[in-house]
Amino acid sequence: MARERQQSRVFDDAAHLASMGHKAELNRHFSPLAMLGLAFAILNSWTALSASLSLALPSGGPTSVIWGLITAGICNLSLAASMAEFLSAYPTAGGQYHWVAVIAWPKWRPLLSWITGWINVSGWIALVASGGLLGSQLIVGVISFTNQNYVPQRWHQFLIYIGYNLVAFLLNAFGNSLLPYVTKGAFAWSITGFVIISITVLACASPDYASGKFVFTEFINDSGWPGGIGWLLGLLQAGLGLTGFDAVAHMIEEIPNPHVEGPRIMIATVMIGIFTGFIFLTCLLLVSGGSANVQNIIGSAAGPLLAIFYNATGSKAGSICLLMFPLVCLLFATISIMTTSSRMTYAFARDGGLPASRFFAKVHSKHEMPLNALILTTILVVIFGCIFLGSSSAFNAIISASVVALGVSYAIPPAINCLRGRKMLPPRPFVLPGPLGWMCNLLGIAYVIVTTVLFLFPPTLPVTGSNMNYCIVAFFIVIVISVVQWFVDGRKNYKGPVVELVGEGEEDQVVHAADNDEFDDKRGAAVER
(Lines of atoms letter the chains of each structure in order from A; the text may use other names.)
(Lines give C-alpha, C1' and ligand atoms only; values in the text may rest on other atoms or scores of the structure.)
Protein backbone atom coordinates (compact mmCIF):
# COMPACT_ATOMS: atom_id res chain seq x y z
CA MET A 1 0.00 0.00 0.00
CA ALA A 2 2.80 2.39 0.91
CA ARG A 3 4.56 1.51 -2.33
CA GLU A 4 1.41 2.26 -4.31
CA ARG A 5 1.07 5.66 -2.62
CA GLN A 6 4.71 6.40 -3.41
CA GLN A 7 4.25 5.45 -7.06
CA SER A 8 1.11 7.58 -7.23
CA ARG A 9 2.96 10.58 -5.76
CA VAL A 10 5.85 10.16 -8.23
CA PHE A 11 3.30 10.10 -11.05
CA ASP A 12 1.64 13.27 -9.72
CA ASP A 13 5.03 15.01 -9.47
CA ALA A 14 5.88 14.03 -13.04
CA ALA A 15 2.46 15.16 -14.26
CA HIS A 16 2.87 18.57 -12.62
CA LEU A 17 6.33 18.95 -14.15
CA ALA A 18 4.86 18.01 -17.54
CA SER A 19 2.22 20.72 -17.07
CA MET A 20 5.09 23.21 -16.94
CA GLY A 21 6.33 21.94 -20.29
CA HIS A 22 9.10 19.59 -19.13
CA LYS A 23 9.50 15.84 -19.31
CA ALA A 24 10.60 14.18 -16.06
CA GLU A 25 14.05 13.04 -17.23
CA LEU A 26 15.77 13.01 -13.82
CA ASN A 27 15.02 10.30 -11.26
CA ARG A 28 13.48 11.41 -7.96
CA HIS A 29 15.98 9.36 -5.96
CA PHE A 30 16.77 11.98 -3.30
CA SER A 31 14.84 11.53 -0.07
CA PRO A 32 14.13 14.67 2.01
CA LEU A 33 17.04 13.73 4.29
CA ALA A 34 19.37 13.24 1.32
CA MET A 35 18.32 16.60 -0.11
CA LEU A 36 18.83 18.28 3.25
CA GLY A 37 22.27 16.69 3.29
CA LEU A 38 23.04 18.04 -0.18
CA ALA A 39 21.83 21.54 0.68
CA PHE A 40 23.73 21.59 3.97
CA ALA A 41 26.82 20.14 2.27
CA ILE A 42 26.70 23.15 -0.04
CA LEU A 43 26.27 25.72 2.72
CA ASN A 44 28.42 23.79 5.23
CA SER A 45 28.21 27.00 7.18
CA TRP A 46 30.53 26.19 10.07
CA THR A 47 33.18 24.97 7.62
CA ALA A 48 32.88 27.86 5.17
CA LEU A 49 32.77 30.43 7.97
CA SER A 50 35.83 29.05 9.74
CA ALA A 51 37.80 28.49 6.53
CA SER A 52 37.18 32.09 5.48
CA LEU A 53 38.08 33.79 8.76
CA SER A 54 40.71 35.75 6.81
CA LEU A 55 37.85 37.75 5.27
CA ALA A 56 36.30 39.02 8.50
CA LEU A 57 39.08 39.15 11.09
CA PRO A 58 40.93 42.04 9.37
CA SER A 59 37.61 43.74 8.52
CA GLY A 60 35.88 44.17 11.85
CA GLY A 61 37.51 41.44 13.92
CA PRO A 62 35.40 39.28 16.26
CA THR A 63 32.49 41.73 16.08
CA SER A 64 32.30 41.14 12.34
CA VAL A 65 32.71 37.38 12.75
CA ILE A 66 29.92 36.98 15.32
CA TRP A 67 27.50 39.83 14.72
CA GLY A 68 28.10 39.77 10.99
CA LEU A 69 26.85 36.18 11.01
CA ILE A 70 23.73 37.16 12.95
CA THR A 71 23.07 40.08 10.58
CA ALA A 72 23.60 38.04 7.43
CA GLY A 73 21.73 35.12 8.99
CA ILE A 74 18.54 37.07 9.59
CA CYS A 75 18.69 38.59 6.11
CA ASN A 76 19.43 35.28 4.36
CA LEU A 77 16.67 33.56 6.33
CA SER A 78 14.31 36.26 5.05
CA LEU A 79 15.49 35.58 1.49
CA ALA A 80 15.11 31.82 1.97
CA ALA A 81 11.54 32.23 3.26
CA SER A 82 10.75 34.54 0.35
CA MET A 83 12.13 32.02 -2.15
CA ALA A 84 10.35 29.14 -0.41
CA GLU A 85 7.01 30.67 -1.41
CA PHE A 86 8.01 30.56 -5.06
CA LEU A 87 9.40 27.04 -4.73
CA SER A 88 6.15 25.84 -3.19
CA ALA A 89 4.18 27.31 -6.09
CA TYR A 90 6.53 26.35 -8.94
CA PRO A 91 8.88 23.46 -8.04
CA THR A 92 11.09 23.36 -11.13
CA ALA A 93 14.86 23.15 -11.54
CA GLY A 94 14.85 26.52 -13.29
CA GLY A 95 14.25 28.26 -9.99
CA GLN A 96 14.65 32.03 -10.09
CA TYR A 97 14.54 32.61 -13.86
CA HIS A 98 11.42 30.46 -14.14
CA TRP A 99 9.68 32.35 -11.35
CA VAL A 100 10.59 35.70 -12.92
CA ALA A 101 9.08 34.56 -16.21
CA VAL A 102 5.86 33.72 -14.40
CA ILE A 103 5.40 36.91 -12.37
CA ALA A 104 7.04 39.71 -14.38
CA TRP A 105 5.23 42.24 -16.56
CA PRO A 106 4.30 40.68 -19.94
CA LYS A 107 6.54 42.97 -21.99
CA TRP A 108 9.60 42.31 -19.85
CA ARG A 109 9.20 38.62 -19.06
CA PRO A 110 11.66 37.18 -21.60
CA LEU A 111 14.43 39.73 -20.96
CA LEU A 112 14.17 39.66 -17.15
CA SER A 113 14.01 35.87 -17.12
CA TRP A 114 17.01 35.73 -19.47
CA ILE A 115 19.16 38.05 -17.33
CA THR A 116 18.16 36.28 -14.10
CA GLY A 117 19.09 32.92 -15.61
CA TRP A 118 22.50 34.11 -16.76
CA ILE A 119 23.28 35.68 -13.38
CA ASN A 120 22.19 32.54 -11.54
CA VAL A 121 24.21 30.20 -13.78
CA SER A 122 27.35 32.34 -13.39
CA GLY A 123 26.82 32.58 -9.62
CA TRP A 124 26.72 28.81 -9.27
CA ILE A 125 29.85 28.38 -11.38
CA ALA A 126 31.64 30.89 -9.12
CA LEU A 127 30.36 28.99 -6.07
CA VAL A 128 31.82 25.74 -7.43
CA ALA A 129 35.13 27.61 -7.71
CA SER A 130 34.85 28.79 -4.10
CA GLY A 131 34.75 25.20 -2.80
CA GLY A 132 38.02 24.24 -4.47
CA LEU A 133 39.47 27.60 -3.51
CA LEU A 134 38.85 27.15 0.22
CA GLY A 135 40.07 23.55 0.15
CA SER A 136 43.26 24.40 -1.72
CA GLN A 137 43.93 27.30 0.63
CA LEU A 138 43.70 25.01 3.68
CA ILE A 139 46.03 22.44 2.09
CA VAL A 140 48.64 25.09 1.24
CA GLY A 141 48.28 26.27 4.84
CA VAL A 142 49.06 22.76 6.12
CA ILE A 143 52.22 22.62 3.99
CA SER A 144 53.34 26.02 5.31
CA PHE A 145 52.51 24.88 8.84
CA THR A 146 54.70 21.76 8.65
CA ASN A 147 57.53 23.22 6.55
CA GLN A 148 58.81 26.61 7.62
CA ASN A 149 60.97 26.91 4.47
CA TYR A 150 58.04 26.41 2.09
CA VAL A 151 57.21 29.43 -0.06
CA PRO A 152 53.64 29.18 -1.41
CA GLN A 153 53.21 29.90 -5.10
CA ARG A 154 49.92 30.72 -6.78
CA TRP A 155 50.25 27.85 -9.22
CA HIS A 156 50.58 25.42 -6.29
CA GLN A 157 47.13 26.39 -5.08
CA PHE A 158 45.79 26.36 -8.63
CA LEU A 159 46.84 22.73 -9.14
CA ILE A 160 45.21 21.67 -5.85
CA TYR A 161 42.11 23.59 -6.93
CA ILE A 162 42.06 21.61 -10.19
CA GLY A 163 42.38 18.37 -8.22
CA TYR A 164 39.40 19.21 -6.03
CA ASN A 165 37.22 19.94 -9.04
CA LEU A 166 38.43 16.89 -10.96
CA VAL A 167 37.32 14.59 -8.12
CA ALA A 168 33.96 16.37 -8.01
CA PHE A 169 33.54 16.01 -11.79
CA LEU A 170 34.35 12.30 -11.84
CA LEU A 171 31.91 11.47 -9.05
CA ASN A 172 29.15 13.55 -10.64
CA ALA A 173 29.73 12.09 -14.10
CA PHE A 174 30.10 8.41 -13.22
CA GLY A 175 28.58 8.08 -9.76
CA ASN A 176 25.22 9.83 -10.11
CA SER A 177 23.36 6.99 -8.41
CA LEU A 178 25.71 7.29 -5.44
CA LEU A 179 25.05 10.99 -4.86
CA PRO A 180 22.13 10.53 -2.39
CA TYR A 181 24.41 8.37 -0.21
CA VAL A 182 27.27 10.86 -0.60
CA THR A 183 25.07 13.74 0.55
CA LYS A 184 23.78 11.77 3.55
CA GLY A 185 27.38 10.95 4.42
CA ALA A 186 28.34 14.61 3.97
CA PHE A 187 25.64 15.70 6.41
CA ALA A 188 26.73 13.13 9.01
CA TRP A 189 30.44 13.97 8.54
CA SER A 190 29.78 17.70 8.87
CA ILE A 191 27.75 17.45 12.07
CA THR A 192 30.24 14.95 13.55
CA GLY A 193 33.15 17.25 12.74
CA PHE A 194 31.35 20.21 14.20
CA VAL A 195 30.81 18.40 17.51
CA ILE A 196 34.27 16.81 17.75
CA ILE A 197 36.22 19.97 16.93
CA SER A 198 34.13 22.15 19.27
CA ILE A 199 34.59 19.78 22.21
CA THR A 200 38.28 19.16 21.49
CA VAL A 201 39.42 22.78 21.23
CA LEU A 202 37.42 23.82 24.29
CA ALA A 203 38.81 20.92 26.34
CA CYS A 204 42.41 21.45 25.24
CA ALA A 205 42.37 25.23 25.79
CA SER A 206 40.70 25.09 29.22
CA PRO A 207 40.87 27.23 31.27
CA ASP A 208 42.79 29.73 29.12
CA TYR A 209 39.84 31.15 27.21
CA ALA A 210 39.60 34.59 25.66
CA SER A 211 37.27 36.98 27.46
CA GLY A 212 33.66 37.45 26.49
CA LYS A 213 34.51 41.08 25.81
CA PHE A 214 37.01 40.02 23.14
CA VAL A 215 34.68 37.46 21.54
CA PHE A 216 31.64 39.73 21.29
CA THR A 217 32.94 43.32 21.27
CA GLU A 218 36.54 43.41 19.94
CA PHE A 219 36.79 45.54 16.80
CA ILE A 220 39.77 45.30 14.41
CA ASN A 221 40.19 47.16 11.14
CA ASP A 222 43.28 46.39 9.07
CA SER A 223 41.53 46.98 5.74
CA GLY A 224 42.44 50.63 5.30
CA TRP A 225 38.76 51.50 4.85
CA PRO A 226 36.86 53.63 7.40
CA GLY A 227 35.61 51.55 10.35
CA GLY A 228 31.98 51.21 9.28
CA ILE A 229 32.79 50.20 5.70
CA GLY A 230 35.49 47.85 6.95
CA TRP A 231 32.97 46.07 9.20
CA LEU A 232 30.45 45.79 6.38
CA LEU A 233 33.10 44.31 4.08
CA GLY A 234 33.55 41.61 6.73
CA LEU A 235 29.97 40.50 6.00
CA LEU A 236 31.40 38.69 2.97
CA GLN A 237 32.46 35.85 5.28
CA ALA A 238 28.93 35.37 6.60
CA GLY A 239 27.48 35.87 3.12
CA LEU A 240 29.60 32.99 1.83
CA GLY A 241 28.70 30.74 4.76
CA LEU A 242 24.96 31.14 4.15
CA THR A 243 24.65 31.37 0.37
CA GLY A 244 23.64 28.57 -1.99
CA PHE A 245 20.34 27.58 -0.39
CA ASP A 246 18.63 27.79 -3.80
CA ALA A 247 20.30 24.42 -4.44
CA VAL A 248 17.05 22.92 -3.22
CA ALA A 249 15.21 24.63 -6.09
CA HIS A 250 17.64 23.43 -8.76
CA MET A 251 17.53 19.85 -7.45
CA ILE A 252 13.77 19.92 -6.79
CA GLU A 253 12.95 17.64 -9.74
CA GLU A 254 14.82 14.85 -7.99
CA ILE A 255 12.81 14.70 -4.74
CA PRO A 256 9.22 13.52 -4.17
CA ASN A 257 6.43 15.82 -2.96
CA PRO A 258 8.44 18.95 -3.90
CA HIS A 259 5.68 21.51 -3.14
CA VAL A 260 5.87 20.66 0.56
CA GLU A 261 9.35 19.25 1.14
CA GLY A 262 11.24 21.86 -0.90
CA PRO A 263 10.33 24.93 1.22
CA ARG A 264 10.93 23.03 4.46
CA ILE A 265 14.41 21.95 3.40
CA MET A 266 15.36 25.40 2.09
CA ILE A 267 14.50 27.16 5.35
CA ALA A 268 15.88 24.37 7.57
CA THR A 269 19.22 24.52 5.76
CA VAL A 270 19.73 28.20 6.58
CA MET A 271 18.57 27.78 10.19
CA ILE A 272 20.99 24.88 10.77
CA GLY A 273 23.74 26.94 9.15
CA ILE A 274 23.16 29.92 11.45
CA PHE A 275 23.02 27.75 14.57
CA THR A 276 26.12 25.65 13.86
CA GLY A 277 28.03 28.67 12.54
CA PHE A 278 27.36 30.78 15.64
CA ILE A 279 28.36 28.00 18.05
CA PHE A 280 31.49 27.06 16.12
CA LEU A 281 32.76 30.60 15.59
CA THR A 282 32.21 31.40 19.26
CA CYS A 283 34.26 28.33 20.21
CA LEU A 284 37.09 29.33 17.85
CA LEU A 285 37.27 32.87 19.20
CA LEU A 286 37.23 31.62 22.79
CA VAL A 287 40.35 29.50 22.16
CA SER A 288 42.11 31.98 19.85
CA GLY A 289 44.24 33.56 22.56
CA GLY A 290 42.35 36.85 22.69
CA SER A 291 43.64 40.32 21.88
CA ALA A 292 47.27 39.39 22.55
CA ASN A 293 47.30 36.73 19.82
CA VAL A 294 44.76 37.89 17.24
CA GLN A 295 47.27 39.65 14.98
CA ASN A 296 49.41 36.50 14.89
CA ILE A 297 46.35 34.55 13.79
CA ILE A 298 45.46 37.07 11.07
CA GLY A 299 49.03 37.05 9.71
CA SER A 300 49.66 33.31 10.01
CA ALA A 301 50.97 31.64 6.83
CA ALA A 302 49.03 28.53 7.87
CA GLY A 303 45.76 30.45 7.82
CA PRO A 304 43.62 31.62 10.76
CA LEU A 305 41.78 28.32 11.26
CA LEU A 306 44.86 26.14 11.59
CA ALA A 307 46.56 28.81 13.74
CA ILE A 308 43.59 28.75 16.15
CA PHE A 309 43.64 24.94 16.29
CA TYR A 310 47.35 25.03 17.15
CA ASN A 311 46.85 27.72 19.77
CA ALA A 312 44.15 25.57 21.42
CA THR A 313 45.83 22.15 21.22
CA GLY A 314 49.53 23.01 21.24
CA SER A 315 50.06 20.08 18.87
CA LYS A 316 50.79 20.29 15.15
CA ALA A 317 49.66 16.71 14.55
CA GLY A 318 46.46 17.26 16.53
CA SER A 319 45.73 20.50 14.68
CA ILE A 320 46.14 18.85 11.28
CA CYS A 321 43.92 15.93 12.35
CA LEU A 322 41.17 18.39 13.33
CA LEU A 323 41.60 20.16 9.99
CA MET A 324 40.74 16.93 8.17
CA PHE A 325 37.08 17.47 9.04
CA PRO A 326 36.70 20.82 7.21
CA LEU A 327 38.95 19.62 4.37
CA VAL A 328 36.69 16.64 3.65
CA CYS A 329 33.61 18.84 4.18
CA LEU A 330 34.88 21.18 1.47
CA LEU A 331 35.35 18.25 -0.89
CA PHE A 332 31.76 17.16 -0.20
CA ALA A 333 30.71 20.77 -0.76
CA THR A 334 32.50 20.98 -4.11
CA ILE A 335 30.82 17.75 -5.24
CA SER A 336 27.36 18.96 -4.19
CA ILE A 337 27.80 22.45 -5.62
CA MET A 338 28.94 21.01 -8.95
CA THR A 339 25.86 18.75 -8.95
CA THR A 340 23.57 21.71 -8.42
CA SER A 341 25.42 23.96 -10.88
CA SER A 342 25.12 21.34 -13.62
CA ARG A 343 21.37 21.02 -12.96
CA MET A 344 20.93 24.78 -13.10
CA THR A 345 22.85 24.95 -16.39
CA TYR A 346 20.80 22.04 -17.74
CA ALA A 347 17.50 23.66 -16.77
CA PHE A 348 18.39 27.00 -18.37
CA ALA A 349 19.56 25.26 -21.54
CA ARG A 350 16.35 23.20 -21.57
CA ASP A 351 14.41 26.46 -21.85
CA GLY A 352 16.70 27.80 -24.58
CA GLY A 353 18.70 30.26 -22.48
CA LEU A 354 22.24 29.26 -23.50
CA PRO A 355 24.14 29.04 -26.79
CA ALA A 356 23.85 25.49 -28.17
CA SER A 357 20.99 24.90 -25.73
CA ARG A 358 19.91 21.59 -27.26
CA PHE A 359 23.38 20.16 -26.71
CA PHE A 360 23.64 21.27 -23.09
CA ALA A 361 20.06 20.20 -22.30
CA LYS A 362 20.71 16.55 -23.15
CA VAL A 363 20.48 13.97 -20.37
CA HIS A 364 22.91 11.09 -20.73
CA SER A 365 20.84 7.93 -21.17
CA LYS A 366 23.23 5.65 -19.29
CA HIS A 367 24.26 7.89 -16.41
CA GLU A 368 20.85 9.60 -16.15
CA MET A 369 22.33 13.07 -15.63
CA PRO A 370 23.06 16.15 -17.79
CA LEU A 371 26.64 15.24 -18.72
CA ASN A 372 27.13 18.01 -21.27
CA ALA A 373 26.03 20.66 -18.78
CA LEU A 374 28.40 19.13 -16.21
CA ILE A 375 31.33 19.30 -18.63
CA LEU A 376 30.52 22.94 -19.45
CA THR A 377 30.38 23.77 -15.74
CA THR A 378 33.74 22.11 -15.09
CA ILE A 379 35.48 23.86 -18.01
CA LEU A 380 34.20 27.26 -16.86
CA VAL A 381 35.25 26.54 -13.27
CA VAL A 382 38.79 25.81 -14.47
CA ILE A 383 38.83 29.05 -16.48
CA PHE A 384 37.45 30.95 -13.50
CA GLY A 385 40.27 29.56 -11.36
CA CYS A 386 42.84 31.19 -13.62
CA ILE A 387 42.21 34.36 -11.59
CA PHE A 388 44.55 32.68 -9.08
CA LEU A 389 47.46 33.17 -11.40
CA GLY A 390 47.04 36.92 -11.84
CA SER A 391 45.62 38.41 -8.65
CA SER A 392 46.72 38.31 -5.03
CA SER A 393 43.11 38.98 -4.00
CA ALA A 394 41.64 36.14 -6.07
CA PHE A 395 40.15 34.72 -2.88
CA ASN A 396 37.97 37.81 -2.36
CA ALA A 397 37.18 38.14 -6.08
CA ILE A 398 35.83 34.61 -6.55
CA ILE A 399 33.89 34.54 -3.31
CA SER A 400 32.49 38.03 -3.97
CA ALA A 401 31.40 36.95 -7.45
CA SER A 402 29.49 33.94 -6.12
CA VAL A 403 27.83 35.81 -3.24
CA VAL A 404 26.93 38.84 -5.38
CA ALA A 405 25.57 36.88 -8.35
CA LEU A 406 23.51 34.47 -6.26
CA GLY A 407 22.27 37.29 -4.02
CA VAL A 408 21.04 39.29 -7.01
CA SER A 409 19.23 36.23 -8.38
CA TYR A 410 17.59 35.69 -4.96
CA ALA A 411 16.30 39.26 -4.81
CA ILE A 412 14.82 39.61 -8.30
CA PRO A 413 11.72 37.35 -7.90
CA PRO A 414 10.53 38.82 -4.55
CA ALA A 415 11.34 42.35 -5.78
CA ILE A 416 9.07 41.93 -8.79
CA ASN A 417 6.40 40.30 -6.64
CA CYS A 418 6.53 43.24 -4.19
CA LEU A 419 6.29 45.76 -7.01
CA ARG A 420 3.19 43.91 -8.17
CA GLY A 421 1.57 43.92 -4.72
CA ARG A 422 2.59 40.38 -3.67
CA LYS A 423 -0.35 39.03 -5.65
CA MET A 424 1.41 37.06 -8.35
CA LEU A 425 1.67 33.61 -6.77
CA PRO A 426 -1.12 31.01 -6.96
CA PRO A 427 -2.45 29.01 -3.98
CA ARG A 428 0.38 26.90 -2.52
CA PRO A 429 1.22 24.86 0.60
CA PHE A 430 3.78 27.35 1.96
CA VAL A 431 2.58 30.94 2.40
CA LEU A 432 4.11 33.86 4.32
CA PRO A 433 1.18 35.75 5.92
CA GLY A 434 0.69 39.39 4.88
CA PRO A 435 2.93 41.56 7.14
CA LEU A 436 5.53 38.81 7.62
CA GLY A 437 5.71 38.29 3.86
CA TRP A 438 6.32 41.97 3.19
CA MET A 439 8.92 42.17 5.96
CA CYS A 440 10.88 39.13 4.74
CA ASN A 441 10.78 40.29 1.12
CA LEU A 442 11.86 43.88 1.79
CA LEU A 443 14.56 42.96 4.32
CA GLY A 444 16.08 40.42 1.96
CA ILE A 445 16.00 42.84 -0.98
CA ALA A 446 17.62 45.64 1.06
CA TYR A 447 20.39 43.27 2.20
CA VAL A 448 21.16 42.25 -1.38
CA ILE A 449 21.30 45.86 -2.58
CA VAL A 450 23.74 46.87 0.18
CA THR A 451 26.01 43.82 -0.11
CA THR A 452 26.05 43.86 -3.91
CA VAL A 453 27.61 47.32 -3.83
CA LEU A 454 29.95 46.60 -0.91
CA PHE A 455 31.27 43.26 -2.14
CA LEU A 456 32.50 44.87 -5.35
CA PHE A 457 34.85 47.06 -3.29
CA PRO A 458 38.56 46.14 -3.08
CA PRO A 459 39.22 44.30 0.22
CA THR A 460 42.04 46.66 1.25
CA LEU A 461 43.36 50.17 0.60
CA PRO A 462 45.36 51.45 -1.18
CA VAL A 463 44.19 49.74 -4.37
CA THR A 464 46.76 48.30 -6.76
CA GLY A 465 46.46 46.26 -9.93
CA SER A 466 47.14 43.03 -8.06
CA ASN A 467 44.86 43.52 -5.04
CA MET A 468 41.83 45.04 -6.71
CA ASN A 469 38.56 43.11 -6.56
CA TYR A 470 38.21 41.54 -10.00
CA CYS A 471 34.68 40.45 -9.09
CA ILE A 472 33.37 43.57 -10.77
CA VAL A 473 35.22 42.63 -13.97
CA ALA A 474 33.83 39.08 -13.92
CA PHE A 475 30.32 40.33 -13.17
CA PHE A 476 30.55 42.93 -15.94
CA ILE A 477 31.71 40.30 -18.46
CA VAL A 478 28.73 38.06 -17.58
CA ILE A 479 26.29 40.94 -18.03
CA VAL A 480 27.87 41.97 -21.37
CA ILE A 481 27.82 38.39 -22.72
CA SER A 482 24.21 37.88 -21.66
CA VAL A 483 23.09 41.17 -23.25
CA VAL A 484 25.00 40.51 -26.50
CA GLN A 485 23.65 36.97 -26.64
CA TRP A 486 20.16 38.38 -26.04
CA PHE A 487 20.34 40.58 -29.13
CA VAL A 488 22.02 37.88 -31.22
CA ASP A 489 19.69 35.03 -30.31
CA GLY A 490 17.52 35.45 -27.23
CA ARG A 491 15.37 38.34 -28.44
CA LYS A 492 14.14 36.25 -31.37
CA ASN A 493 14.08 32.74 -29.96
CA TYR A 494 13.86 32.87 -26.15
CA LYS A 495 10.28 32.85 -24.90
CA GLY A 496 11.02 31.82 -21.36
CA PRO A 497 9.96 28.63 -19.62
CA VAL A 498 6.55 27.07 -20.03
CA VAL A 499 4.09 27.94 -17.28
CA GLU A 500 0.71 26.58 -16.24
CA LEU A 501 -2.46 28.64 -16.19
CA VAL A 502 -4.77 27.61 -13.37
CA GLY A 503 -8.41 28.37 -12.75
CA GLU A 504 -11.64 26.87 -11.53
CA GLY A 505 -14.12 25.51 -13.96
CA GLU A 506 -11.76 25.46 -16.90
CA GLU A 507 -9.19 23.10 -18.33
CA ASP A 508 -5.56 23.77 -17.55
CA GLN A 509 -3.73 25.47 -20.38
CA VAL A 510 -0.01 25.25 -21.00
CA VAL A 511 1.66 28.24 -22.64
CA HIS A 512 4.83 30.26 -22.61
CA ALA A 513 4.32 33.21 -20.30
CA ALA A 514 5.86 35.50 -22.90
CA ASP A 515 3.28 34.45 -25.50
CA ASN A 516 0.15 35.44 -23.62
CA ASP A 517 -0.61 38.95 -22.38
CA GLU A 518 -3.73 37.61 -20.64
CA PHE A 519 -1.60 35.43 -18.37
CA ASP A 520 -1.60 37.96 -15.51
CA ASP A 521 -5.34 38.43 -15.58
CA LYS A 522 -6.11 34.71 -15.57
CA ARG A 523 -3.63 33.86 -12.87
CA GLY A 524 -4.69 36.89 -10.87
CA ALA A 525 -8.25 35.67 -10.97
CA ALA A 526 -7.11 32.25 -9.79
CA VAL A 527 -5.17 33.79 -6.91
CA GLU A 528 -8.16 35.91 -5.89
CA ARG A 529 -10.35 32.79 -5.81
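Every residue, even glycine, has its Cβ placed from backbone N, Cα and C.
Here is what TrEMBL records for this protein:
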TRANSMEM  33-53  transmembrane segment
TRANSMEM  65-90  transmembrane segment
TRANSMEM  111-135  transmembrane segment
TRANSMEM  155-174  transmembrane segment
TRANSMEM  186-209  transmembrane segment
TRANSMEM  229-252  transmembrane segment
TRANSMEM  264-287  transmembrane segment
TRANSMEM  322-349  transmembrane segment
TRANSMEM  369-390  transmembrane segment
TRANSMEM  397-416  transmembrane segment
TRANSMEM  436-457  transmembrane segment
TRANSMEM  469-488  transmembrane segment
The recorded stretch from 111-135, 155-174, 264-287, 436-457, 469-488 sharing the largest number of CB pairs under 8 A with the transmembrane segment (186-209) is 264-287
If one takes Cβ-Cβ under 8 Å and requires six or more residues beyond its ends, the residues near the transmembrane segment (369-390) are 26, 124-126, 128-129, 132-133, 154-155, 157-158, 161-162, 165, 169, 172-173, 176, 338, 341-343, 345-346, 349, 359-363, 397-398, 466, 470, 474
Is the number of Cβ-Cβ pairs under 8 Å between the transmembrane segment (229-252) and the transmembrane segment (111-135) three or more, considering only pairs separated by 6 or more positions? yes
Which stretch from 33-53, 111-135, 155-174, 436-457, 469-488 shares the most C-beta pairs under 8 Å with the transmembrane segment (322-349)? 111-135
Remote residues contacting the transmembrane segment (397-416) - C-beta distance under 8 A, at least 6 residues beyond either end: 52, 55, 79, 82-83, 86, 96-97, 99-100, 103-104, 112, 116, 119-120, 122-124, 126-127, 129-130, 133, 236, 239-240, 243-244, 246, 384-385, 387, 391, 424, 440-441, 444-445, 447-449, 451-452, 455-456, 469-471, 474-475, 478
Might you confirm whether the transmembrane segment (436-457) is in contact with the transmembrane segment (33-53), defined here as three or more C-beta pairs under 8 A between residues 6 or more apart in sequence? no
Long-range Cβ contacts under 8 Å made by the transmembrane segment (264-287), restricted to residues 6 or more beyond its ends, are 32, 35-36, 39-40, 43, 45-46, 49-50, 53, 62, 65-66, 69-70, 73, 76-77, 80-81, 83-84, 87, 191, 194, 197-198, 201-202, 204-205, 209-210, 214-215, 238, 241-242, 245-246, 248-249, 305, 308, 311-312, 430
